[in-house]
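TrEMBL lists A:His491 with the feature active site, proton acceptor. For A:Lys95, A:Gly159, A:Thr188, A:Gly189, A:Ser190, A:Asp359, A:Met365, A:Leu366, A:Ala367, A:His368, the entry in TrEMBL reads FAD binding site. The NAD(+) binding site annotation in TrEMBL covers A:Gly225, A:Gly226, A:Gly227, A:Ile228, A:Ile229, A:Gly230, A:Leu231, A:Glu232, A:Glu248, A:Gly318. Among the features that TrEMBL reports, domain 'FAD/NAD(P)-binding' is placed at A:49-374. Sequence annotations record features per position, and here TrEMBL assigns domain 'Pyridine nucleotide-disulphide oxidoreductase dimerisation' to A:393-502.
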Amino acid sequence: MLKLFAPRTALRASARSGAPIPAFRPSAFPLTCNAAFRRGYASEAEERDLIVIGGGVAGYVAAIKAGQAGLKVSCIEKRATLGGTCLNVGCIPSKSLLNNTHLYHQILHDTKNRGIVVDGVHMDIAQLMKAKETSVSGLTKGIEFLFKKNNVEWVKGTGAFADEHTVDVNLVEGGERSLRGKNIIVATGSEATPFPGLTIDEEKVITSTGAIALKEVPKKMVVIGGGIIGLEMGSVWSRLGAEVTVVEYLGQIGGPGMDAEVAKATQKLLAKQGMKFKLNTKVTSGDDSSASVKINVEAAKGGKEETLDADVVLVAIGRRPYTAGLGFENIGLEVDERGRLIIDQEYRTKIPHIRVIGDCTFGPMLAHKAEEEAVAAVEYITKGYGHVNYNAIPSVMYTHPEVAWVGQNEQELQKEGVKYKVGTFPFSANSRAKTNLDTEGFVKFLSDAETDRILGVHIVGPNAGEMIAEGTLALEYGASCEDVARTSHAHPTLSEAFKEAAMATYDKAIHF
Amino acid sequence: MQASLRVLQHQPMIRFLGKRTLPTNINHAPKPHPAAPASRLPDSFATYRQKAQQHGPLNTSATNTGIGAQTGASLGPVELHPSGMAFARSELPKKFQTVPWTLAEIEAIESGGASMVA
């Protein structure tokens, strides 16, 4: 163990040059595994306070937080840029496309009644993609800068466990490097779940990664899965002129968590924009052997089969943890039936100095949830205490109008037998929404019938994604509807709809 | 009158609790993650800790902080005791003593590892 503190080569070099032998700094933690006592012939692995495997949202936030706390930290990431799925092929590029295609769609369909006359509008797909790439590269370079600022070493390669304290890195530039860590955080993220029988080529049969990089607008697009990713990417290509059909196995769109009333209203609004929906429908098989793709579907409970033809099929049935090549089996870490690494309340695996955060473990696969966990995991290491409230993690769907929610929905409350009150307020009665000519949707509060404590907030409407932050804060603080209703909200703003919905829940709204 | 007004005043559920401090007693015993579907951890969690306890660091409650919470640098350099007394490495238990070089090791290093495959 002692040889780790002062490598022999360094001591011998010092002795030869006559320089004083530097004082060694002992580790705060005595390494326990046998490998620590074993002499190797290769160069000794470098020791870190923390090794983070994965440079996505979970990994890079953990690395920066640890760097700020003064830990000696290395982050292993194989991509050419930091930021993982979210920054490179997920949240960020999709938001660029959603924003710009919304502008295009609005210019095409929603300018004349505003007194704006626009002629000769057309879409330049190559430039659309370039704008997306500019946003992405700006942000990923920003993370690289933050690494340097906080003394985080970026090791470019693929990390695999060699033993409980050692991660072998297969370097992108060639060769291998061994890193030893007192603590290790695994943040390897997730990947799109493939659909059996369809081969993902990211051209004809695509995942969200392909959906943000199509070179031309497909005539017909089938989206398998009516969750957030499917609806967002379906919206993008629908706005650009594709005939989009969403096939969803369940009886409502939006995926888990979305309130049924909100899901129904959202489906109507998206259908008005041109998207088609096949709910309660299962995809039985697919054939991608010809130029187009044929998708066979039938009613979820069984029924007549139908074939859908598409130029492009987007597989958006969910995501699964990505742990391939991590070598967690080498050290006996366990996964559950869905491939998630098993952890306790402090993100520790059965080996306490190895923690797991983000998409590759429990909880919703959301970037902001991963960030919260990253901060908490590092605080558990440095302070022994961390905080993530899994009951107050917001969800947002960035279609137009946006959909956002936090806390429980009506169906969950009914299932649990909770007595609750409901209050809603439509944007059609909100002054700012009226001036913006953007009045679709509503805000809905759910509160405890006895105490008035907020249990859930659900919004479909303009700016819902920003507005939900107030609901999340209220939920986190344990606020009542009356607390929100008695808080002054600026006039005229969309946020007044939020306040009025709170008023409607504990008393009555003024403007509706 | 004023008392009645005070009663009618809204009492917010949100209250300022003062500057945030860390809880003094934290139970670090492993429990299922709040977002985990299972209500209990696999037995391996307890088994590993039981096994690892023999080496010392686990299940000790000297501090509330996690393993390796302090950086090596923050502990400062190791200096000679002011009394001028020091112990020899050979006085330590055998596992901490210098492992003598074997001829095979020396040869392996000098040949760049070639002797290992020769």
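Each residue, glycine too, has its Cβ placed from N, Cα and C.
Caution: TrEMBL annotation is automatic and unverified by curators.
Of the residues the record lists as binding NAD(+), namely A:Gly225, A:Gly226, A:Gly227, A:Ile228, A:Ile229, A:Gly230, A:Leu231, A:Glu232, A:Glu248, A:Gly318, the two whose Cα atoms sit farthest apart are 14 Å from each other. Among the residues the record lists as binding FAD, namely A:Lys95, A:Gly159, A:Thr188, A:Gly189, A:Ser190, A:Asp359, A:Met365, A:Leu366, A:Ala367, A:His368, the two farthest apart have Cα atoms separated by 30 Å.
DSSP places the residues of the domain 'Pyridine nucleotide-disulphide oxidoreductase dimerisation' (A:393-502) in helix, strand and coil in these numbers: 42 helix, 33 strand, 35 coil. When the neighbouring Cβ atoms lying within 10 Å are counted for each of the binding-site residues (A:Thr188, A:Ser190), the highest count belongs to A:Thr188. For the binding-site residues listed here (A:Ile229, A:Leu231, A:Met365, A:Ala367), the lowest count of other CB atoms within 10 A around the CB belongs to A:Met365. DSSP gives A:Gly225 (NAD(+) binding site) a coil state; it is part of no helix or strand. The highest number of surrounding Cβ atoms within 10 Å, among the recorded positions A:Lys95, A:His491, is found at A:Lys95. Apart from the site residues A:Gly225, A:Gly226, A:Gly227, A:Ile228, A:Ile229, A:Gly230, A:Leu231, A:Glu232, A:Glu248, A:Gly318, the chain places the Cβ of A:Val223, A:Gly234, A:Val246, A:Ile253, A:Gly254, A:Gly255, A:Ala316 no farther than 8 Å from the centroid of the site's Cβ atoms, the recorded NAD(+) location.
In this view, the densest Cβ surroundings among the binding-site residues A:Gly225, A:Gly227 belong to A:Gly225, judged by other Cβ atoms lying within 10 Å. Between the alpha carbons (Cα) of A:Glu248 (NAD(+) binding site) and A:Met365 (FAD binding site) lies a span of roughly 20 Å. Closest to A:Ala367 (FAD binding site) in space, going by CA atoms and restricting to the recorded positions A:Gly225, A:Gly227, A:Ile229, A:His491, is A:Ile229. Annotated pair A:His491 (active site, proton acceptor) and A:Thr188 (FAD binding site), C-alpha to C-alpha distance, rounded: 45 Å. Looking only at the binding-site residues A:Lys95, A:Thr188, A:Ser190, the one with its C-alpha closest to A:Ile229 (NAD(+) binding site) is A:Lys95. In three-state terms derived from DSSP, A:Ser190 (FAD binding site) belongs to an extended strand segment.
Per Cα geometry, A:Leu231 is the residue among the binding-site residues A:Gly225, A:Gly227, A:Leu231 nearest to A:Lys95 (FAD binding site).
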